[in-house]
Amino acid sequence: MNSKRDRFEKQLLIKNVFESKQLFLTILRFTVPTFFFALFSAAYVFIDQIMVIKFVPRSELNPDSIFTDQSLIDEFKNSAFYKSDSFLSSGLNIKQFIKTVLNISQPLIVLLNAINIFIPLGTGVIFSKAIGRNDQNKIQEAWNTGLISTTVFGLITQFLVLSFAKEWLHYNLDQSSFEQNFQANSFQQFFNKKAIDVASEYVYILIGLNIIPMLSRLFFYLAQSEGRQLFIAIVPPIANLINILIVFLLVRYSSLGVIGSAVAGILGYLINFLAYIIYLIYLNKRNLTYLTFKTIKLNKIDFNLLVVVSLIGMASFFRNGSLSIVTTFYESFLVNLTKATTDKNDVFYLTLLTGPIAISNLASAAIFGLLQGVRTVSSYKFGQKKYDEIKKINIYTVIICISFGSLIYLLTAVAFGKQILSSFFDVSDQNLDLANYFSLIVQAQVFFVATGANSQQYFQNTNRVLYSWIVSLTHGLFVFIPLLFIFQAITLQTNNIEVFIWLLTANAALAGLINIAFGQIHTNLFMDKYFANPPQNKLVKFIEKYS
């Protein structure tokens, strides 16, 4: 009797959060907390990069730093690369070195983000649907299967990514071409090899303990499905503020340099993880959650459900994973085109784009936070079979994303663009106008990335997983690959490297418009037909049965 009453109270508590006379207000109730969650998470990464750039090299901010231009030169002279001093006038310095380390590490960081949401996101979608239709068995299956499979998957992928991480970093700087032209610039060769070595240490720390942020992500999705918006809006942002303090202490007052950032990141992830655990223990004691530890059983994994979870999460994995590939190819081609079309050092434009790309990533992450809030509401409504409300959600989401994106772009690119670049990324006065021009171009992605991804979450939530994969890969591969070679050819033909800078935004715009059209057409013309007469496709029937 008590268990029935407890289940009723849990369901009533959750229903009160999801139900509202105004659907738009319900969406805002979920999107605003996830927006701030994503904003603070991205802001941590953003500020982390700024503090590394500001505090690691010796300057007025850190006069005791051991990382100086001279220390870089001295290390070069003591290396096997040193032949003469003739290459020391290449313009490379310690600040460019640090920016290069951060830049070539970013694709692997994006890949880790893709891995982190693969199982957790699909689990969250299934969990929300099960709560929407009050399916107690499916709720417990999703919780049990999601927790165990996330843990196992996290441990396996850590070792897998570690096995190829250094080779990936090599490719980012096109190391093979440097080796073929060793005599051309021995200091450049030394510079890039050292950057790869330091970046390897940096990513090894993050990869080796990636299970911690992965489990935190699972708890985030499941807590959101239960309507824990207040916790999500307050505790993770506080944890990120603590992260920032730890980064400052390690990069400013230790000799770890860039590595201090990775150590601080892991400590911050651990704090966030412990906050979720403590909160869940509290909810368990008061019997206010479906996420009960006593119901976890290692021998009761529903493998059919795990397949469905993986199929749903695959779209987000494809999106983030393909974006990692996009960044890798973009950086590698940019370095090669800089050599081919300019007299600048190989990483001049790569380091100049550090600020614009970091700001763009911050803005896009915040907008993706909105989508996560929408995904939870949409999954819940799908569980209730309220298809008309899902249509409205799809339209509201595009409007919300464009509105927030416009506000962020006006603030970070137009109003305060130069101030951010000069104050936080140490862009010199002579390069400031060019960097700001690049920033205006690169940040324009924000209008298209999330609005296009809205179609992905719509297809994920309504069991059309193949369509969600297509949407994800359209942005990451289908559009990018042909554009990559088109922009490379135009850049070489015109001998103008600035043409290539437009590639990321052109890719986001074209893919975003295609995906928006695809999602809206399906929602308004085919959705009712699909649910009135579900197709007999074996994959769709399998997902419908086990989700």
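Quick reminder: no glycine exception, Cβ is built from N, Cα and C everywhere.
Sequence annotations record features per position, and here Swiss-Prot assigns transmembrane segment to 33-53 (among others) based on sequence analysis.
Per Swiss-Prot, transmembrane segment is recorded for 107-127 (among others), and the stated evidence type is sequence analysis. Counting same-chain residues at least six beyond the ends of the transmembrane segment (107-127), those with a Cβ under 8 angstroms from any Cβ of the stretch are 45, 138-139, 142-143, 145-146, 149-150, 153-154, 157, 161, 165, 168-169, 172, 203, 206-207, 210, 213-214, 217-218, 220-222, 224-225, 305, 308-314, 316-321, 323-325, 327-328, 331, 375-376, 379, 460-461, 547.
Annotation source Swiss-Prot lists transmembrane segment at 145-165 (among others), citing sequence analysis.
Residues or ranges marked as transmembrane segment by Swiss-Prot: 203-223 (among others).
Annotation comment: Swiss-Prot describes 231-251 (among others) as transmembrane segment, evidence class sequence analysis. Beyond the ends of the transmembrane segment (231-251), by six or more residues, the same chain brings 32-34, 36-37, 40-41, 43-44, 47-48, 51-52, 55-56, 220, 223-224, 257-258, 260-261, 263-265, 267-268, 271-272, 275, 279 to within a C-beta distance below 8 angstroms of the stretch.
Annotation source Swiss-Prot lists transmembrane segment at 263-283 (among others).
Beyond the ends of the transmembrane segment (298-318), by six or more residues, the same chain brings 114-115, 117-123, 125-126, 138, 141-142, 144-146, 148-149, 456, 459-460, 465, 468-469, 471-473, 476, 539, 542-543, 545-547 to within a C-beta distance below 8 angstroms of the stretch. Annotated transmembrane segment per Swiss-Prot: 298-318 (among others), in sequence order, evidence recorded as sequence analysis.
Sequence-remote contacts of a segment are chain residues at least 6 beyond its ends whose Cβ falls under 8 Å from one of its Cβ atoms, and for the transmembrane segment (351-371) they are 31, 34-39, 41-43, 45-46, 49-50, 53, 95-96, 99-100, 102-103, 106, 334, 397, 400-401, 404-405, 408-409, 412-413, 420-421, 424-425, 427, 431, 434-435, 438-439, 441-443, 445-446, 449-450, 453-454, 457, 501, 504. What Swiss-Prot lists as transmembrane segment is 351-371 (among others), and the listing cites sequence analysis.
Sequence annotations record features per position, and here Swiss-Prot assigns transmembrane segment to 397-417 (among others) based on sequence analysis.
Look at Swiss-Prot and you will find 432-452 (among others) tagged as transmembrane segment, backed by sequence analysis.
With a threshold of 8 Å between CB atoms, the same-chain residues lying at least 6 positions outside the transmembrane segment (470-490) that come near it are 315-316, 318-319, 321-323, 325-326, 329-330, 333, 337, 449, 452-453, 455-456, 459, 499-500, 502-503, 506-508, 510-512, 514-515, 518-519. What Swiss-Prot records for 470-490 (among others) is transmembrane segment, and it gives sequence analysis as the kind of evidence.
What Swiss-Prot records for 499-519 (among others) is transmembrane segment.
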Tertiary contacts of the transmembrane segment (432-452), as residues 6+ beyond its ends and Cβ separation under 8 Å: 352-353, 355-357, 359-360, 363-364, 367-368, 370-371, 398, 401-402, 405-406, 408-409, 412-414, 417-418, 421-422, 425, 471, 474-475, 501-502, 504-505, 508-509, 511-516
Outside the transmembrane segment (203-223), six or more residues from its ends: residues with CB under 8 Å to it: 37, 105, 108-109, 112, 115-117, 119-121, 123-124, 127, 143, 146-147, 150-151, 153-155, 157-158, 161-162, 165, 169, 231-232, 236, 259, 262-263, 265-266, 269-270, 272-273, 276-277, 279-280, 291, 372, 376
